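J.: Input: one structure, supplied below.
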């Protein structure tokens, strides 16, 4: 006989709306039992549409609730998510909490979970997004074939934590790791630059792999979800080639290393014995990782990612898993994130406003035609 669905409390209706969508896709596993929020008009109407009670304090939550999704900013974001998670865990309510959290908050949550006999998961979210899952699987195969020679990572400060989570998983762990201070800007280069350099560059080593990390350490405090030049880009180099996550939502690229044998006169050969690999594409998009439209990211990719996170959470709840086993990895990522942001310093405040116009791929001009001698203007 199948176990009854877990009665789950949703804390927060901002990004929490995506959790609600994911929960609705899993009726055999979860039943939405209520919404906890500050009691604003949007949350009140949202609870009415969902047909569930609205609570404004943990003390109002009935004992019949089994689990909670805490999708409220933690202290590092100026929110009360950490306090909510600890209060629920202390009551024996299992908690899935959206990232990021400070190392101290994570430690306290794990302690509260142990004291309350509950399961606690921190959800870095992006590790569950389909193209990133494919990237991580390909990275695992690469590691089995030989060492990773370098990692090149780029992100924005507001989504840096999940980049480090994905990096650690791609490399099979974090230790040993170390980071330099951000590289200093050369005054002469700065004087010739039309715009301020948006990226700070750190060098380091993660799991023994040389790392170059670029972080856009800028943020609009009134619109933190926008204005990142890109979210996540990660390349792993091996003697076989380079595996690249071009963006958070795909594609994942494989670029086999160019190696051509030489003839008796030292000239590169493209035909003949030992050149069969030269018939392969110089770059291949791994199957199933083509980037979807952003609307599809919101409507499909993100809810699907959350169903994976929720399924893992439910499995651990059913099994009564020890949260410390999973928590040790998350603590390591939190420490690295804390040190990285500490080295970067406070983000530069920017207020760029909306883009002046949307530029689509078709706006970048037609492909050059054979025989067209014109060159792009410098």
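The backbone N, Cα and C atoms fix where each Cβ goes, glycine too.
As annotated by TrEMBL, domain 'Gfo/Idh/MocA-like oxidoreductase N-terminal' applies to 6-121. The domain 'Thiazolinyl imine reductase-like C-terminal' annotation in TrEMBL covers 150-254. According to TrEMBL, the feature region 'Disordered' maps to 345-378. Among the features that TrEMBL reports, compositional bias 'Basic and acidic residues' is placed at 369-378.
Any idea what these are sitting next to in the structure?
T.: Across the domain 'Gfo/Idh/MocA-like oxidoreductase N-terminal' (6-121), the DSSP tally of helix, strand and coil residues reads 49 helix, 26 strand, 41 coil.
As a whole-number mean, the pLDDT of the domain 'Thiazolinyl imine reductase-like C-terminal' (150-254) in this prediction is 96.
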J.: Give me the DSSP three-state residue breakdown of the domain 'Thiazolinyl imine reductase-like C-terminal' (150-254), ordered helix, strand, coil.
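T.: With helix first, then strand, then coil, the domain 'Thiazolinyl imine reductase-like C-terminal' (150-254) has 19 helix, 43 strand, 43 coil.
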